[in-house]
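So that you can see what the record holds, here are the features copied from TrEMBL:
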type     : residues : note
DOMAIN   : 59-517   : domain 'Major facilitator superfamily (MFS) profile'
TRANSMEM : 140-165  : transmembrane segment
TRANSMEM : 201-221  : transmembrane segment
TRANSMEM : 369-386  : transmembrane segment
TRANSMEM : 393-413  : transmembrane segment
TRANSMEM : 425-448  : transmembrane segment
TRANSMEM : 460-478  : transmembrane segment
TRANSMEM : 490-511  : transmembrane segment
REGION   : 551-580  : region 'Disordered'
COMPBIAS : 556-568  : compositional bias 'Basic and acidic residues'
């Protein structure tokens, strides 16, 4: 890949010659169709894109519903730490100076229970990444849903904390699949204009699961029997059935099918995604062929850019750390890690955190519901910003806002505790949740799905998610110690710690996170291949296609060693997605 003095990134002559060798007599047709499909995707209005890809939207929405289970289950157990019936049954109880009994789950058990699922998730992610590459997204998702349904029985019938822990670890296995598959599938069945909306929709599913969990817990918080924690688990038995049926009927990713040599099935999959309304059968077929050619061209370009043939065939996790993919993996992992360093782990402990800040149990659960509702509103509003403002700007703005709320939370924790201060802490955490789900929360799903090469997408997402999971395990060790009265008992002063990590995240984002908005996967390959600096991604012009004959390509190959920067501009130029 080359970039000239005018900030135009283009394919070098040697690569073009190898593309000619790859496609043979089909080269001119593939390039022409790829250019046409790219132009179609990048120049179409949002309304026309929706009208042309309604099936793509439908299948992505239905497939991502599996994340609701993850959002629900990942927040439910930590909320039990503030539920009187659960702590009375499984916690350590003591008599206070005023003669009242108080019960609490010890910090070691809080850490073990919350981290158990994420340890299982790390294992599940590693398995899902390899399995999805071999068997496809749909089959792995179906198996994961079946496993999740079975594992729910363990905490439902649990009679001790060790059994809860075993259930959490096993439930974490399908969590890993849900984490990686939803974003990857959404990014591979949608065009450029819809890609950010349907990848960020994954975050809305997560928030909806958290909101549903908070609502169910609020409804059962006054119960004093075992059904106070059994009912929230029983609710989960109903959700997997419709999601399983939807996944059985969904089309497989055409990108996965193409990379695995199943071109005919890929053609059928694309035909199921593109609407044929307002198009003649011949026009619809041309659209399908154009889109398939664009996929084939991008896949071939990525394979050619890898010098090691064994690397191309294997596509293992180590390949994510080699060559140009190293930078792409770094961005994916850091962008996902920022979910933790921005202070969001306090959301998972919201009910417990609010009680430690001085709110009553009822008000604590009410504030948790309000917090997740604010998160849902923030995610929906992010859809109106992500294509207009861009990923990079939203990350910078969101991190700045969350840093401010965490800092104010810490300051409030230094004041004398009162009802007003307690509500102030609650308001800051609610604001932080809103800013998080307006910016970092949904946008990170779009970033990890876009920044990786299509060849290594599943593996890159797995590494990013496991970076998040490892950091979350650390956060789940720190938070109970910071909040528990038997340990550090920091209360709201924990905001200072998360303000510090948020400031570091802000610095990394400014220097390392590029703008990915409006770019096709082929264009991103060119930008990363040309080593364009992060702050120049939005302004760099892409010259991805050059319709040349096989003979002239061979001539280009001979000339490439003399002066690569003298290559003529291509016949199709895609102007920057975001104007400055």
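Using the three backbone atoms N, Cα and C, a Cβ is placed for every residue, glycine included.
Those TrEMBL annotations? Automatic predictions, nothing curated.
For the transmembrane segment (490-511), the most Cβ-contacting stretch among 201-221, 369-386, 393-413, 425-448, 460-478 is 393-413 (pairs under 8 Å). Take the transmembrane segment (425-448) and the stretches 201-221, 369-386, 393-413, 460-478: counting Cβ pairs under 8 Å, 369-386 has the most.
Proximity of distant same-chain residues to the transmembrane segment (369-386), defined by a Cβ-Cβ separation under 8 Å and at least 6 residues beyond the stretch ends, is recorded for 196-197, 200, 203-204, 207-208, 210-211, 214-215, 218, 347, 350, 394, 429-431, 433-439, 441-443, 446, 517.
Long-range contacts of the transmembrane segment (460-478) within its own chain (CB-CB distance under 8 A, at least 6 residues past either end) are made by residues 110-111, 114-115, 118-119, 121-122, 125-126, 128-129, 176, 179-180, 183-184, 317, 320, 325, 328-329, 332-337, 339-341, 345, 348, 448-449, 451-453, 497.
Mean model confidence for the domain 'Major facilitator superfamily (MFS) profile' (59-517) is a pLDDT of 89.
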